[in-house]
Amino acid sequence: MMFPFFLSHRSRTERDANAIRLRAGWLAIVAAVVTIALKFTAYALTGSAGLLSDAVESLANLVTASAVLISIWYASRPVDRSHNYGHGKVEFFASGVEGLFIVGAAVAIGWIGVIRLFDPHELESLGLGTVIAIAASAVNLLVARMLIRVGRAYRSPALTADGRHVMTDVWTTGGVLIGLGIIAFTGWLWVDALIALVLAVNIAFTGWRLIAVGVNGLMDRALPLADERLVREAVETALRDAPDRETTFHALRTREAGSRRFVDFHLLVPGRVSVGDAHALASDLEQVVDRALPGVETTIHIEPLEDDASYRDSDLLVLEDGPERAHRVETGSGFR
Ligand SMILES: [Zn+2]
Ligand SMILES: [Zn+2]
């Protein structure tokens, strides 16, 4: 899918990127309001527990879309006296809070399902209800894809999380409609309650994944291994051309905070190298890292390679020699 016209301007400046993130955030709120109206209408027409579950879920969308918008705005504020590393981490809070809300919605939907399982209701106006639910789902599909794209392109975990969340709603509505179709043909009213229960489990998993994203971010989880490797290889390649062959580095660390990414490491140079020369090399390496991972903020600590103390100044050094680093594996979800 193409970006809508007002999101298509790809600019290099952070201010423009942020304007695009904010617009995407507003669009998510508008979409949430529209789908809430449509889905509760569909429920009122049919009396379906499945459609009611779907409508409750879109209420959670509105709450979380609002949290996302506030966090994007806050994350965009420049560094200040009290937040020297910027405000990006607020996006991980948003992801975690969003996850909690979604788990809450899952519990509510599960409760509706249990009640209806023991007390099935006759369904009405299934045709019109279905048409309205499909319209709501189409709105969600367009918005979800836009959010995921903008979130990835402009590295906003909050937007990406919101997009994934809205995308699960598309599947949710699809499942509800299939169930209503089965009921229309068979008259098995318990299918409606069963759908609500299945939705509850699926939605709870979505919430769990978002909580995991929030926790990983707040815990300063390292960048993906592939990104770390890019940085290491770029620095190693650059050091082959360094003025002194024995120049090396260690204790490389990475982390991210919202859309900002950070790298730091120790640069080991011969003790006789002047401060000016060592700093010039460090500045070159910062450029090298920026080319490998654009936008990364790099900090380099310079130390004399002859001094034993240089090799005892980071707990990471043990891991770099051991099997730990090589065995760090990437998993798609969960707490890593
Ligand atoms: Zn400097
Ligand atoms: Zn060191």
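Glycine is treated like the rest: Cβ placed from N, Cα and C.
As written in TrEMBL, here are the features:
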TRANSMEM  20-38  transmembrane segment
DOMAIN    26-219  domain 'Cation efflux protein transmembrane'
TRANSMEM  58-75  transmembrane segment
TRANSMEM  96-114  transmembrane segment
TRANSMEM  126-148  transmembrane segment
TRANSMEM  169-191  transmembrane segment
TRANSMEM  197-219  transmembrane segment
DOMAIN    233-304  domain 'Cation efflux protein cytoplasmic'
Item to complete: Grab the same-chain neighbours of the transmembrane segment (197-219) for me: Cβ-Cβ under 8 Å, and only residues 6 or more beyond its ends, written as numbers and ranges.
Response: 50, 53-54, 57, 89, 91-107, 109-110, 113-114, 117, 157, 161, 164-165, 168, 171-172, 175-176, 256-258, 333-336
Worksheet item: Hey, which bits of the same chain come close to the transmembrane segment (126-148), Cβ under 8 Å, at least six residues off its ends?
Response: 1, 3-4, 7, 24, 27-28, 31, 34-35, 38-39, 41-43, 45-46, 48, 51, 54, 58, 159-160, 162-164, 166-167, 169-170, 173-174, 176-177, 180, 183-184
Worksheet entry | Same-chain residue ranges lying at least 6 outside the transmembrane segment (20-38) that approach it to Cβ under 8 Å | 4, 6-7, 9, 11, 55, 58-59, 61-62, 65-66, 68-69, 72-73, 76, 132-133, 135-136, 139-140, 142-143, 146-147, 150-151, 154, 156, 159, 162, 166, 169
